[in-house]
Amino acid sequence: MEREDDSIFLFHAPCENCGSSDGNSVYSDGHEWCFVCEHRVPANEEREAKLSTRRRTGGSKPMSYDVWNFGDSNGRYSDLTARGISKETCQKAGYWLAKVDNRMYQVADYRDQNGSIVSQKVRDKDKNFKTTGSHKSDALFLKHLWSGGKKIVVTEGEIDALTVMELQDCKYPVVSLGHGASAAKKTCAANYEYFDQFEQIILMFDMDDAGRKAVEEAAQVLPAGKVRVAVLPCKDANECHIMGEDKAILEQVWNANPWVPDGVVSALSLKDRVKEAMTSEDAVGLLFDGCQGLNDRTLGARGGEVVMVTSGSGMGKSTFVRQQALAWGKRMGKRVGLAMLEESVEDTIQDMMGLNNKVRLRQSDEVKKAIAEDGRFDEWYDELFGDDTFHLYDSFAEAEADRLLAKLAYMRTGLGCDVIVLDHISIVVSASEESDERKMIDRLMTKLKGFAKSTGVVLVVICHLKNPEKGKAHEEGRAVSITDLRGSGALRQLSDTIIALERNQQGDMPNLVLVRLLKCRFTGDTGIAGYMEYNRETGWLEPSSYTGGEGEGDTGWTEQDGQSDF
């Protein structure tokens, strides 16, 4: 019985007695207990040895062979007397003592959400650290114990996390950074969705320069409005505990102040900065490709703006935004995020490669086969994507709103994307179970606008048009009005710039596109910005010298081939 008291819970597994899929609990010494039928399997050395390779339900991988085995390493749980941490807390957390080659070590087990050990941090008496297993950049100690709630405390190291755990009787969420303060931003960004499950995120980092720097870096990539910062009277949580300042720690857990970013400054000190900003290229914004008139009317797209692109079905919206993304990423050196929800990432990549090499790659099996065989594929791919400028949302046809927003936020705060393209907003709304589409769009647009404004990203969003009640369709050259946007008034109210593409698919010049500016909050300008023409050989929307009259997109155009290829 003493042996089982020292064991720790590892994971849930099927019960061989009652058939429950996950009611059975497996422990580190090999014994099992089913909470459904109360069937107990006793521990033995053979069963314990098999635990390191036992597969979990759902086909997940076994424990890594290169992590330290509790038995082989003469492992034991013990009070950390010098740190004021009990054996019970260490057992709950998976923090144990090992004796290898007559040397003592402290071992922190890092587990995945299923409870399997994936890596460990090992520390010797001289405070030298090393890791075992697959210790990835998103590693958080104790993450497997918690899955949402009101508060979660984040500390720099395992000992501080154990301290907070000790003071709260192991009942409330606390984790520590797997790679310390220097990697706080990267670790927190990689765990954005995990932290977003909690209402408050309390950063209880060390009270030194490195800790304060880590707070500022980490807070910026965590969910907005949720971050709070703990201020302690000693260097860290464990030192407070040792010095009898437990009350100060708990006070910060429950009453830490919200994080307020740096940036409140006197206007008197901004004179030189404002002058420089007025004369910099950034003041013009990111210029649009292929239509100079659009740049003349908008002066480009600025950080924090929502740019809406709309047209009838099959009119060139996706081609237009892909072309802009390529120009911004390749020519201007901006980082670009692409959430193209109507197509797979493989299709998006092929279209971007085709545009960059002026060939309609995805539509030509002959060209695809040729470049794969003659080596051009690697050349084209590396030339466009080798500098890691483009990042894609890889969830074809999966667009649940909150999950999507978390991914977009990671593109901006974690990957540093300057521009994000969302194609299209209608598919996000249709993925919701909510019946009121108008209210859904209102909320989604409010979140998108807040996201763009708070992070400074240029957010390009595609939306569809509603079908006109009478008269010709938009696909037949009907002029687009700002009230034609399908869904809610929030689409036009919260967008900074709205660009409409018009063409007559059945007219004499079906590949000629009229570019109409419906709104520009920055300049106040509206009207026809110019014309672009689709090149069937290169896949590009190119500048056109056509100057037809407004509302007469199919009048006076000379017939070419009567075919449309958007």
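Cβ from N, Cα, C; glycine included.
Of all Cβ atoms in the protein chains displayed, 21 besides its own lie within 10 Å of the Cβ of Cys15 (Zn(2+) binding site). The secondary structure of Cys15 (Zn(2+) binding site), as reduced to three states from DSSP, is coil rather than helix or strand. Taken from Swiss-Prot, the feature Zn(2+) binding site covers Cys15, Cys18, Cys34, Cys37, and the record attributes it to sequence analysis.
Residues or ranges marked as zinc finger by Swiss-Prot: 15-37.
Under 8 Å, Cβ to Cβ, and six or more positions away along its own chain, Asp206 (Mg(2+) 1 binding site) finds Glu156, Ala181, Lys235, Asp236. According to DSSP, Asp206 (Mg(2+) 1 binding site) is assigned to coil rather than to any helix or strand. According to Swiss-Prot, the Mg(2+) 1 binding site annotation covers Glu156, Asp206, on the basis of sequence analysis.
Residues annotated as Mg(2+) 2 binding site in Swiss-Prot, with sequence analysis given as evidence: Asp236.
The domain 'SF4 helicase' annotation in Swiss-Prot covers 280-547 and rests on sequence analysis. This prediction places the mean pLDDT of the domain 'SF4 helicase' (280-547) at 81.
The ATP binding site feature in Swiss-Prot is assigned to Ser311, Gly312, Ser313, Gly314, Met315, Gly316, Lys317, Ser318. Under the three-state DSSP scheme, Gly312 (ATP binding site) falls in the coil class. Here the Cβ of Gly312 (ATP binding site) has 24 other Cβ atoms within 10 Å, regardless of which shown protein chain they belong to.
Positions annotated as site 'dTTP/dATP binding' by Swiss-Prot, on the basis of sequence analysis: Arg360 (among others). The local packing around Arg360 (site 'dTTP/dATP binding'), expressed as other Cβ atoms within 10 Å of its Cβ over all shown chains, amounts to 18.
Positions annotated as site 'dTTP/dATP binding' by Swiss-Prot: His464 (among others). Secondary structure from DSSP puts His464 (site 'dTTP/dATP binding') in a beta strand.
Following the DSSP three-state reduction, the secondary structure of Arg503 (site 'dTTP/dATP binding') is coil. If you look up Swiss-Prot, you'll see Arg503 (among others) marked as site 'dTTP/dATP binding'.
Positions annotated as site 'dTTP/dATP binding' by Swiss-Prot, on the basis of sequence analysis: Arg521 (among others). Packing around Arg521 (site 'dTTP/dATP binding') is summarised by its Cβ count: 14 other Cβ atoms lie within 10 angstroms of its Cβ, all protein chains included.
Around the Cβ of Tyr534 (site 'dTTP/dATP binding'), a 10 Å sphere holds 20 further Cβ atoms from the protein chains shown. Residues or ranges marked as site 'dTTP/dATP binding' by Swiss-Prot: Tyr534 (among others).
The region 'Binding to viral DNA polymerase' annotation in Swiss-Prot covers 549-566 and rests on sequence analysis.
Here Swiss-Prot flags 555-566 as compositional bias 'Low complexity'.
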Which of these binding-site residues is closest to Arg521 (site 'dTTP/dATP binding') if you go by CA atoms: Cys15, Gly314, Met315, Gly316, Lys317?
Lys317
Does DSSP put Lys317 (ATP binding site) in a helix, in a strand, or in coil?
helix
Reading the DSSP string in three states, the entry for Glu156 (Mg(2+) 1 binding site) is coil
Cα-Cα, whole number of Å: Lys317 (ATP binding site) versus His464 (site 'dTTP/dATP binding')?
9
Which of Ser311, Ser313, Ser318 (the binding-site residues) has the most other Cβ atoms within 10 Å?
Ser311
Among the binding-site residues listed here, Glu156, Asp236, whose Cβ has the fewest other Cβ atoms inside 10 Å?
Asp236
Taking Cα-Cα distance, which of the binding-site residues Cys15, Ser311, Gly312, Met315, Gly316, Ser318 are within 10 Å of Arg503 (site 'dTTP/dATP binding')?
Ser311, Gly312, Met315, Gly316
